[in-house]
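A short write-up of the structure that comes next.
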Amino acid sequence: MASIMIGSISVPIAKTEQCANTQVSNRANIVAPGHMATCPLPLKTHMYYRHESKKLMQSNKSIDILNNFFSTDEMKFRLTRNEMSKLKKGPSGRIVLRKPSKQRVFARIEQDEAARKEEAVFLEGNYDDSITNLARVLPPAVTHNVDVSLRSPFYKRTYKKERKKVAQKQIVQAPLNSLCTRVLKIARNKNIPVEMIGNKKTRHTLTFKRFRGCFVGKVSVAHEEGRMRHTEMSYEQFKWLLKAICQVTHTERIREEDIKPGCSGWVLGTNHTLTKRYSRLPHLVIRGRDDDGIVNALEQVLFYSEVDHSSSQPEVQFFQGWRRIFDKFRPSPDHVCKADHNNEECGELAAIFCQALFPVVKLSCQTCRESLVEVSFEEFKDSLNANFIIHKDEWGSFKEGSQYDNIFKLIKVATQATQNLKLSSEVMKLVQNHTSTHMKQIQDINKALMKGSLVAQDELDLALKQLLEMTQWFKNHMHLTGEEALKMFRNKRSSKAMINPSLLCGNQLDKNGNFVWGERGYHSKRLFKNFFEEVIPSEGYTKYVVRNFPNGTRKLAIGSLIVPLNLDRARTALLGESIEKKPLTSACVSQQNGNYIHSCCCVTMDDGTPMYSELKSPTKRHLVIGASSDPKYIDLPASEAERMYIAKEGYCYLSIFLAMLVNVNENEAKDFTKMIRDVLIPMLGQWPSLMDVATAAYILGVFHPETRCAELPRILVDHATQTMHVIDSYGSLTVGYHVLKAGTVNHLIQFASNDLQSEMKHYRVGGTPTQRIKLEEQLIKGIFKPKLMMQLLHDDPYILLLGMISPTILVHMYRMRHFERGIEIWIKRDHEIGKIFVILEQLTRKVALAEVLVDQLNLISEASPHLLEIMKGCQDNQRAYVPALDLLTIQVEREFSNKELKTNGYPDLQQTLFDMREKNVCKAAAQFMARAKLAGKILCNRAIEAILDFYGKKFNPASKRRKARIFATICSRVFYHDPSTCEEHSRCRRA
């Protein structure tokens, strides 16, 4: 019988039949009869069974509804499709089902059905039990004792990866005291300073000194640096370091009489005699001496003034500072110095110069130094002068030789004040109560002269500036030049606002009074997408502040879009950065038939001075129009209203075309923008001249006449870089420019006229590189490229005048016969330009005969006045006209100035400059000549060989040397071939 072990008690298990026949009476009653739980008899009535029957019917009905819902074909398909779906991670971390397509589901169902049928057939035993013999399938060569490989053609062996063994770092384990001792030994042997760091900012530098053949540790203490402390070194912080120092040093030989100045900071160990005698601590760091003996720097001293510190002697400290600063300020030596004077004389010299400029009782006294600092500059100079007078005899006795004369003279002049005030008072009486400009200038000059050596540099600069202005005025007054007429020129800006009919028409305004672009805004995308750059405010405005153009930079005020809420900072944002302000010159005006064209001139104030531009505040998403009057702000098109655009570099003139688009009819906006994009912008390119922009505006005005009255954006004139700045909605942080008065497109079109005499029409809109340098490079390049030179002769004949900067360029152009071609082209078109080419050709013949560079430059300078006279009568419609005119003017003025200097016997110091410029020009010519086309070189060489072959037949075979000389001469003329490397030349030399 089976049993169960409960602890050490075995309980038998009765069989099932026995358990079934066992009566209840045999069970043991564990619970008392009074506490036995009894089950109440169930009282189930008819209502109970009726209610349960209804619940059962409802449950069966719900099950039938659910089965009918899931038994539909659509629901079965959805369940099957969900069963075939895969889980994937969706956005925000959600888990979603990736459901297959319907075709995939049906194909999968067919595959599963076919698999079930195949499995059922297989389980029923309906399968082919035949065995296929491999010998029938494989070829005969494979079935006889040959290994058959089952590898696919893509099989590739996997190589065993080599494990890289990483070398473990070997860490040396040693106690801290042992490590410290080793470090100190290394520092001792190699004389390396060791920095000892305690708590907070407590630091001491440890060095090792040799004394009587042994090492002594020396610690830096406070009194060596001039700082007095009651306790100079904390023993608790550095006691273990002091112990380690004593282990690596030997101080047994140090006696008490060896402690002298310079021994501060020496560390003595516990067993040393001096430590036992003078220290209450285990170690002794020497500080100095007092009445009781040696003082320990580790112990507290109540009255440190009573301690005689053992630092270096005062004389040694003085000369250490003297040597350190004296060597820093000494000049570069140009000879080998010798000790010609003893130290006593050198000390006297240093003392007298020190007292002359810094008179004190003691240099170490702080009160003496403060007394010199607290006085004013005038009082300081008076005290130096008084000191100089008091010690006049000492100065005279010290002044032995003339080597000190300049020093004494400098001190005397710097300390003396102006004594003759009578003449200054007379000048003041004459100019008093006069408010004219010239009288005020004389007052400023007189004030500077009255102060004499006490005058400040700012006052002296002001006096010189006033003197310069007076000189210029007097020169103009005496010579009665044409500048006098320019001084009477006035061009005040209009006090009335300009009226634009397109902005006043009610049909083109919305309910807020803003301009409605309509179709114009849609077609403006052609300009915004191609030639404007989008400004993203989240990336900041810093990269858009500096506006580069090839001849300089200008700062935009786009950074001011971030408005500070502090009033002081807001006022600071209204200040601009000014450039050098230019006065009113002939470049500021435009004339036609001897009359001023005021709309093409710079705006002036009431007194005739030019009106300088002020800070132009920026705005977002606007088109700003209105030149010299109050600006008008037009919202950008609705499609671009949420974006900020800035024109790309070199295309700021497109703001003019956008301003013209405001006046274009909506049905013509498409043609207008397409013409700008496809025709005008490729023709203008980057940084076009104002004349070209005006011509483009004229072309647009022909096709769209309504744009002629369109208002222009603000245009600033930069005469320094010859640039026109078209200001957009981001304003300008740079101020000080002149303001162009042109307010409409009609005014701008006047710059396109050839009859208009104006320098501004050649300015670049947005900037231009230095024109003269660019034109010179183009001229040198065209010398060796005939096609390019012919194009230059037709388009810009004045460019050949730039060849007068160098005799080399003139000779090259003469040899290549460019002057002859210029005469042939222009002798019938323009007689004056043809005359210029004739003069240049005659000048080059003279220059070629001169062998010295100075003579060649003199010939060029002599021909400059005649050419300048002819140039003034020519038309200025070419881009090289202004640079060529400036070049001739500079040469004429330089020759006139140098003539007076040479007459008075002064040398001309510009010869070195001319030599270097000639070398650079020759180098540039050689570079461009090396880049000439290879075909041209081959043709020239073949022509030379053909000439030599033709003439060589008539030569006597014995006279081959003459043939070689002719060949070398022709090669040197052409400059395309080196005769020393030519095969023909070598053949002649061998013959």
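The backbone N, Cα and C atoms fix where each Cβ goes, glycine too.
Among the residue ranges 54-57, 362-365, 826-829, the one that Swiss-Prot annotates as motif 'Involved in interaction with stylet and aphid transmission' is 362-365.
Taking every protein chain shown into account, His223, His725 are the active-site residues, and of these the Cβ with the most other Cβ atoms within 10 Å belongs to His725. All protein chains included, Ser264 (active site, for P1 proteinase activity) registers 23 other Cβ atoms within 10 Å of its own Cβ. Proximity note: of the listed active-site residues (His223, Glu232, Ser264), none has a CA within 10 Å of the CA of His725 (active site, for helper component proteinase activity).
According to its DSSP assignment, Ser264 (active site, for P1 proteinase activity) is coil. Here the Cα atom of Glu232 (active site, for P1 proteinase activity) is found 8 Å from that of His223 (active site, for P1 proteinase activity). Secondary structure of the domain 'Peptidase S30' (170-310), assigned with DSSP and counted as helix (H, G, I), strand (E, B) and coil, comes to 45 helix, 35 strand, 61 coil. The active-site residues listed here are Glu232, Cys652; among them, Glu232 has the most other Cβ atoms within 10 Å of its own Cβ.
Here Cys652 (active site, for helper component proteinase activity) is positioned 74 angstrom away from Ser264 (active site, for P1 proteinase activity), judged by their C-alpha atoms. For the pair His223 (active site, for P1 proteinase activity) and Cys652 (active site, for helper component proteinase activity), the Cα-Cα distance reads 69 Å.
Helix first, then strand, then coil: DSSP counts for the domain 'Peptidase C6' (644-766) stand at 57 helix, 24 strand, 42 coil.
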